[in-house]
Amino acid sequence: MPSDLLLVLPLLIPLYGALLCLAFWQREQWMAVMAGLAQVAWLLCAFMLMRRVLALEVIATQVGNWPAPYGITLAADVFSAMMLTSAAIIGLAVYLFSLQGLDVTRRRFGYYPLMLLLQMGVAGVCLTGDLFNLYVWFEVLLICCFALLSLGGGKGQLEGAIKYVTINFLASGLLLSGVGITYSLFGSLNLAELALLVRQPEHPNLPLLSMASVFFLVGFGIKAAIFPLFFWLPASYHTPPVAISSFIAGLITKTGMYTLIRLFTLLFVSDQGFMLPLLAILSGFTMLIGVIGAAAQTDFKKILSFHIISQIGYMLMGLAIYTPLAIAGSIFFIIHNIFVKTNLFLISGVVAQRYRTFSLKKLGGVYLLQPVLSVLFLLTALSLAGTPPLSGFWGKLMLARAGLEAGNYTLVAVSLCVSLITLFSMTKIWNEVFWKPRPVAVKKDIAMAPINPLRLWQLYLPIVLLLAFILFTGLYARPLVRLSERAANGLLHIGTYTDTVLSNNRAK
Amino acid sequence: METLLPLMVGTLFAAGLYFILHRHLFKVILGLILFGLATNLFLFVIGGLTRGGSAIINEEQTVAVEPYADPVPQALLLTAIVIGFGIQAFSIVLIRRVYMTFKSNNLDELQKENEAQ
């Protein structure tokens, strides 16, 4: 398959999948079949893209065949292929979960097409090679998030959706302003050409670049939920059903983080004396505040939501240290976190299906009735907390080592303390939900949902699948570490990227 | 124009932010619209203002004659307007739905009601 097609297919497959779903509006079984086919095709396509990128390092194409700095570029390097592949894997897992884990009404009213369009947005963000296009794809992704968050129209959902829509609209406005400023400073929107322009030390507008970079930092900072811009996340992520929140929680903040890493390695490199210490402070506070917030919560999903913030801090830490090892650690951490976070949300969904509540006070005794689920949770939670030899440990090891090598001792100390508190948080869930006996008062009030073995098996399947990935990346971390190092190398040595994008000029 | 338009952009940003922070839902809609307008106008102004300089290249020349209006910010602007329009339409529907569900126009009351449950 030609590379051009491979780059366009991750956008086209979800789009056509969604259109096919719409053709079967309100017939949810047909919609589910179409969406399933699209998910599998998307995953295959992501794997093929990964293979191609591993062989060629960077591939690029110009949509509409306009030569590079003028046309719209699609480009993929190892980092974007990694994001796309993990998005496809959790997309399939969440799809499998939704077959039994989501009510029929929501499925009938457009859950599947919205999910597919959301995935198209994610693919667009990962593959675009153009600054304005990045903004457009983020809007595609966000409008699907808006619709998914409010889908079904529960009271809590509507309240959460208002906050989410307002703050993200604000963030998009800032982003657009940043895009405008960057264009007016350098006269280009193509990422590769901009990367070359900002590396000319004699360019007259270079000192003004930090101003543009702050717009992007705030805009994507809101989307990635970094300190002090995270307040919308715990207010909205726990409100929709698990089949929606698991995908959004697992992937969308990480997409914001992906863009931050991409832009701050490719474009905003001129004023690192100011930017890197700032990022380090932000990352320390993000980790700390997130995990302290989680300690105060007594709701399964809210604890997990706060932990997203804390984990974002780790990803930012790698960017703040800015050595090849640190960036590789960040990338490893992003991929690890996408799987782990989605899996934890899915497990909370299985628990809530049976017990009809997410409140830690009302839950209990799951270990007696569902020991398998408890083990699945325990492994995933320990992986999140970073217990060796599970996958979180390797990410944190890479980051801590890079931090020590760079002399960033405070940040490393903070990150290790936060790890401990994360472990405390996870044991809190374990104690309250799985270990302690179910409260007597609750036993009378809320009847447990009956067990249907086939249904339960279908709910377990995606969790087991994701856990297999988590265990694989933990117990045999070498391939993913190597891959992350390669991706980081590609980000820090931009020569291949710019050459491939800009040499693609000839008309074919 | 060069002094008037930036002032207008600033005023629009300020007014938009003020209304977004308001607890009354209708004013939040107003805020979103004003903020969207502010960003669009900002994008237009920052592209550089020219009068009567079209970006059309004459037959005998190979590059456009300065000063000409840069068409790229205007193309971006068009896209941004359309996207902003879509999001504003969605948020108006969302807020209407909120009003119909909660029978209230006040953001603080929504939170109270949710916490009471």
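Backbone N, Cα and C define each Cβ position, glycine as well.
Please treat TrEMBL annotations as automatic predictions, because they have not gone through curation.
What TrEMBL says about this one:
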type     : residues  : note
TRANSMEM : A:6-25    : transmembrane segment
TRANSMEM : A:32-50   : transmembrane segment
TRANSMEM : A:70-97   : transmembrane segment
TRANSMEM : A:109-128 : transmembrane segment
DOMAIN   : A:129-422 : domain 'NADH:quinone oxidoreductase/Mrp antiporter transmembrane'
TRANSMEM : A:134-152 : transmembrane segment
TRANSMEM : A:206-232 : transmembrane segment
TRANSMEM : A:244-268 : transmembrane segment
TRANSMEM : A:303-325 : transmembrane segment
TRANSMEM : A:331-352 : transmembrane segment
TRANSMEM : A:364-386 : transmembrane segment
TRANSMEM : A:406-426 : transmembrane segment
TRANSMEM : A:459-477 : transmembrane segment
Range from A:6-25, A:32-50, A:109-128, A:459-477 with most C-beta pairs under 8 A to the transmembrane segment (A:70-97): A:32-50
The transmembrane segment (A:406-426) versus listed stretches A:32-50, A:331-352, A:364-386: most Cβ pairs under 8 Å: A:364-386
For the transmembrane segment (A:206-232), distant same-chain residues with Cβ under 8 A (at least six beyond the ends): 138, 163-164, 167-168, 170-172, 174-175, 177-178, 181-182, 185, 198, 200, 252-257, 259-260, 263-264, 267-268, 270-271, 274-275, 282-283, 285-286, 289-290, 308-309, 312-313, 316
Cβ-Cβ under 8 Å with the transmembrane segment (A:134-152): same-chain residues at least 6 beyond its ends: 103, 105-106, 109-111, 114-115, 117-118, 120-122, 124-125, 128, 158, 160-161, 164-165, 168, 172, 175-176, 179, 223, 236, 239-241, 244, 248, 252, 255, 259
Most Cβ pairs under 8 Å with the transmembrane segment (A:459-477), selected from A:109-128, A:244-268, A:331-352, A:364-386: A:331-352
Same-chain residues near the transmembrane segment (A:364-386), Cβ under 8 Å, at least 6 residues beyond its ends: 307, 311, 336-337, 340-341, 343-344, 347, 350-351, 354-355, 392-393, 395-396, 419, 422-423, 425-426, 429-430, 432-439, 442, 460, 463-464, 466-467, 470-471, 474
